[in-house]
Amino acid sequence: MRLTVIGTGYLGATHAICMAVMGHEVLGVDVDTSKIEKLASGQVPFFEPGLPELLTKALDSGRLRFTTSFAEAGDFGDVHFICVGTPQQADSEAADLTYVDAAVTVLAPYLRRRALVVGKSTVPVGTAARLAGMLRELAPAGNGAELAWNPEFLREGFAVDDTMRPDRLVFGVTSAWAEERLRDAFEPVLAQDVPVKVTDLQTAELVKVAANSFLATKISYINAMAEICEATGADVHDLAEALAYDDRIGGRFLRPGLGFGGGCLPKDIRAFAYRAEELGVGQAVGFLREIDGINRRRRARTVDLVVEICGGDVAGKRVAALGAAFKPNSDDIRDAPALDVAERLRAAGATVVVYDPAALESARRAHPDLEYSTSALDAARGADVVVLLTEWNEFREIAPSAMAAVVRHRKIVDGRHALDPAGWRSAGWEYRALGRPTVAPLEKEHRR
Ligand code: UDX
């Protein structure tokens, strides 16, 4: 099958590469010439484990090419996947649909024969129906240019696996022909018994935002419990573990800490709440504003904890910030809780030295006022307090004694519940984490 993938960012590049590896002829399309040149020369423009190797494989097979020409795309493809971004609007909580609209408007005039255009971007419900109308109007093929929706659930850091072996496929279609085309395009995936759910367009759009809202709710739920734990001296880490034994609840996305960030969860729940209000059913998902509020409070509370451990003021203090990416195994700093906390501490007068295994360059560009180091120990040199903000494995492996040797004061705030409190405390550290008691329950017992 001949596929085009429009938009070669995180989602599009991964999709294009994986589809070519699975045997299709693929043309990746983007308006960003430098991105296209990079990909065509075998370089993945972002950090994603396993993807560079697959890009080489796909290019070597001769099945993957890149272009900036929509005319070429229209001529080449039987199925066109739209994978452009839908960021939050600068002055509102709504999604910015400029790129999705532009992709359809620019491609449509080149669709001269029957073709399927498949949206993968996360959009407000109702967008697909609107785009379908635009497509029919603008394409020379008229009704032969059909729209479908196929939401994407890939997680950064696991993008290859999530694309090659997703837990489900959702096909939002308006004809049997469109379903057939999608079944053909995903044949290698479906051959692995991946379940497929065929729906109408609006249900397919909703699956994505409903899934991300649920995940955000689960994280904020446990973080709300952390607030209760903080007021009562209970331990949210133990609470979460005890809840997770109930299969109906489960332990995934129930990790308390600094909360969620990234290019998806925060903007998706805001855009969903906004869209629901537009539809007159805002009350139904009004709780998403609370989920967002709980999540934002985690960042403020982490700053409070650092201030507290420093004796009430961080002005003039040296803070080692471990982590910048919004989560480990990613170099993505979009809405990164780690950098938000680092900036707030800097604004409060601290000197903040950041280290991250993958996101240093992008962090440096976006936050030039922070200081940067090339290792965790280097960042911690002379620090009054160490703050763990992204749970990279590398940080879990730090020996408390090795870090103790370089810091000024042995104080650590574990924003991600990534470290073993007993190990750090026994090495002489004052260890603090959101929602966990100042002294562990068993230690309290022993002290009696
Ligand atoms: C998310 C969805 O998981 C994915 O299905 C969708 O396609 C895009 O959005 P991603 O943004 O890559 O993927 O990150 P994810 O792994 O979901 O983590 C989101 C945030 O939640 C991170 O900041 C992470 O640190 C945080 N998180 C996750 C928690 O704070 N606690 C948890 O228990 C899990």
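Every residue, even glycine, has its Cβ placed from backbone N, Cα and C.
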Key: Residue in R301, R318, R334 which TrEMBL records at the NAD(+) site where D30, K35, T86, T122, E156, K267 also bind   = R334
Ask   = Out of K197, K208, K317, which does TrEMBL tie to the same substrate site as F153, L154, R155, E156, F253, L254, R255, P256, G257, G261, K327?
value = K208
Query = Got a sec? Which of these recorded positions, L254, C264, has the most Cβ atoms within 10 Å?
reply = C264
Request  = Can you tell me which of T86, F153, E156, P256, G261, C264, our recorded positions, come within under 6 Å of ligand 1 at the Cβ?
outcome  = F153, E156, G261, C264
Key: Spatial neighbour of D30 (NAD(+) binding site) that is closest, considering only the recorded positions L254, G261, C264 and their CA atoms   = C264
Message = Using a 10 Å radius around its CB, how many other CB atoms surround T86 (NAD(+) binding site)?
response = 23
Inquiry  = Please report the distance from the Cα of K267 (NAD(+) binding site) to the Cα of F153 (substrate binding site), rounded to the nearest angstrom.
reply    = 15
Note = When each of the binding-site residues P256, G261 is scored by other CB atoms within 10 A, the minimum falls on G261
Task = In whole Å, note down how far the CA of L254 (substrate binding site) lies from the CA of T122 (NAD(+) binding site).
result = 24
